[in-house]
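Read through the structure below, which is laid out as structure tokens, and then see the notes.
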Amino acid sequence: MTCTIVVGGQWGDEGKGKIISYLCKKDNPSIIARGGVGPNAGHTVEVDGEKYGIRMVPTGFPNVNAKLAVGAGVLTDPEVLLKEIKMLEKFNVGERMIIDYRCGIIEDVHKETDKSNEHLSKEIGSTGTGCGPANVDRAMRTLKQGKDVESISKYLGDVSEEVNEALESGDNVLIEGTQGSLLSLFYGSYPYVTSKDTNAASFAADVGVGPTKIDEVVAVFKSYPTRVGEGPFPTEMTVEEAESLGVVEYGTVTGRRRRVGYFDHDLAKKVCRLNGATQIAITCLDKYDTDCYGIIEYDKLSEKGKAFIKEVEEKVGVKVTLISTGPELGQTIDVRK
């Protein structure tokens, strides 16, 4: 029995979807539970060459044997959820989905408020998905809960009970974090942050799991960190530099071009300390050095690639156990014992 949390180590878009999908296939958890803010965070999952952009359904959906859960702490947009369940019909998502009956519900008024608020949309760079305004209503105790919405009633359940029962039965459980640690309302570059905390402890609370039940925390870092929206970015490079390195990316939810920077070891160390990270996953090593593309054995990585991994381990103080060298699940180096 292992309970693992996957957390973003930067400003989101670290490639958590790829790492989560890999862990769900390799470790075969019986339940995959999503924590985080809500549908403001997008993940791209590639299965057999086909890409799926999702915002509500857990990223581990390709594992057709696992239950898929959205915790009570996660805001739910019924319209987005139902669209994704339909899009993922061939994965039998609808039969495996559990939405906690206590989750907060995003309505049209929240999305309209988010988009029309000049401070949020222009100064902060909000995604416009209604999460911030919905969390305001939640704090005021006026927000609807899942149990109040008929359209999703067939998917409702008690996620905390499901997860804890799975752990007590000796099953593996994977908790998906969203966005990134540096976007945390508490620990990020306020006010250029999201509307709640985005660290491992909060993700555990989102799905109703106590801290002593957590065995592993995997912090995911991209070789070239990126950021969407406003706010500080200490190692940011120019657009020209990013293009010369072939690093041009766009956000899954907003479609906005991502800002790109160099790896920041000091910030990575702070993030690992904040989350109690037990291991690190590095993604897009093939972007850092194209000679690493598709390599699946550590010893066959280029010297440049190995040096990058070694420097991360030495400066951050946490072992790198997973290395992504391409978009496919098979393009992963796994050095876990």
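Placement of Cβ uses the backbone N, Cα and C atoms for every residue, glycine included.
Here the structure is a predicted model, which means the values were calculated and not measured.
IMP is bound by Asp13, Glu14, Gly15, Lys16, Asn40, Ala41, Gly42, His43, Thr127, Arg141, Gln179, Thr194 in Swiss-Prot, and the record lists one more residue there from Arg96, Arg256, Arg273, which is Arg256.
Counting every protein chain shown, 15 other Cβ atoms lie within 10 Å of the Cβ of Thr44 (GTP binding site). When the binding-site residues Asn40, Gln179, Gly255, Arg257, Arg258 are compared by Cα distance to Gly15 (GTP binding site), the shortest distance belongs to Gln179. It is 10 Å from the Cα atom of His43 (active site, proton donor) to that of Gly12 (GTP binding site). If you measure from the Cα atom of Gly12 (GTP binding site) to that of Arg256 (IMP binding site), you get 13 Å. Among the record's IMP binders, Asp13, Glu14, Gly15, Lys16, Asn40, Ala41, Gly42, His43, Thr127, Arg141, Gln179, Thr194, Arg256, no two C-alpha atoms are more than 35 Å apart, and one pair sits at exactly that spread. Spacing of Thr127 (IMP binding site) relative to Gly255 (substrate binding site) is 10 Å (Cα to Cα, whole number). Cβ neighbour density within 10 Å is lowest for Gly255 among the binding-site residues Gly42, Gly255.
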